[in-house]
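Chemist: Before I ask anything, here is the structure I am working with.
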Amino acid sequence: LSQIYYYSGGQSYSYGAFKNRITAATGPGNASITISNMQPSDTGSYTCEVFSPQGDAGQSQKSVIVSVLVKPSIPFCKIEGTPEKGHLIYLLCRCEEGLPRPMYRWYRVDGNTLKPVAEQFNPNTGILYIGNLTTFETGYYRCIASNVLGNSTCELDLTAKHSDGAIVAGALIGAILAAAIICIIIWVLTKKAKNRKSPNNEMQEMAQKQSNADYVQVPNEENIPATTVPSSNATLEYPSVNETTAPATPENYEKQEEEKEETA
């Protein structure tokens with residue numbers, strides 16, 4: 001037990017979280033107190049002890065249970081399970097505060113209309129059970145927690161999460177493989193095109209070199225100058241066999257001179 005208020009000899013004292021929040025009754029023989037600004041944490045058992053000033057009459061005490069009524073706090077909503085077609089899921093709704101204990105209701109949001117969901121639902125725990133999720137069960141779901149002081153709500157979206165994971169994963173992998181195959185095909189075709197282009201380039205270079213080569217003009221027969229043709233009366237002298245073959249000695253030279261004189 002922790003002491004929150006003490007009164008004696010006309011002096012009063014309050015302690016802890018109750019400091020400056022307690023006001024005592026002023027009438028003789030009245031030990032009542034008033035607690036202002038009550039909080040949920042103030043809920044509990046309170047005991048009043050009265051002592052006799054003379055100390056010979058002993059003491060007496062009495063306890064009372066105080067419950068602080070609280071409007072339900074904003075509930076915490078959560079999806080348990082895999083929100084995919086054919087899967088089992090649970091929709092959870094729970095408030096941290098609320099007294100009396102809140103009651104829970106689940107509704108499916110259809111435009112501006114709230115359709116109550118009663119199947120497989122526990123209003124005391126706030127758990128909604130959905131087995132074999134289908135497209136008819138997708139959408140927004142709202143949980144309302146209420147007691148005598150008011151209500152609070154939260155929502156869950158099953159539309160965005162409803163998908164076939166295997167199909168999505170397969171489509172993604174297929175797209176990646178298709179892109180990889182296309183890249184490989186482009187690379188192979190580019191390489192083949194380069195290989196075919198290389199011999200053509202060599203031939204073009206050779207043709208270019210030949211076109212740039214310097215050619216010597218060969219004169220034709222019309223451009224050849226005519227040579228002097230000896231007349232038919234001219235006597236052509238040809239060296240004899242002896243002249244062409246005889247060595248150039250003094251004797252041969254004299255003999256050749258004599259032959260020339262005889263001929264003249």
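Cβ atoms here come from the backbone N, Cα and C positions, even for glycine.
Feature list, courtesy of TrEMBL:
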COMPBIAS  199-214  compositional bias 'Polar residues'
COMPBIAS  225-247  compositional bias 'Polar residues'
COMPBIAS  252-264  compositional bias 'Basic and acidic residues'
DOMAIN    1-67  domain 'Ig-like'
DOMAIN    72-159  domain 'Ig-like'
REGION    199-264  region 'Disordered'
TRANSMEM  166-189  transmembrane segment
Chemist: How many helix, strand and coil residues does the domain 'Ig-like' (1-67) contain under DSSP?
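Modeler: Counting residues by DSSP class gives 6 helix, 30 strand, 31 coil.
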Chemist: Per DSSP, how many helix, strand and coil residues does the domain 'Ig-like' (72-159) have?
Modeler: 3 helix, 47 strand, 38 coil
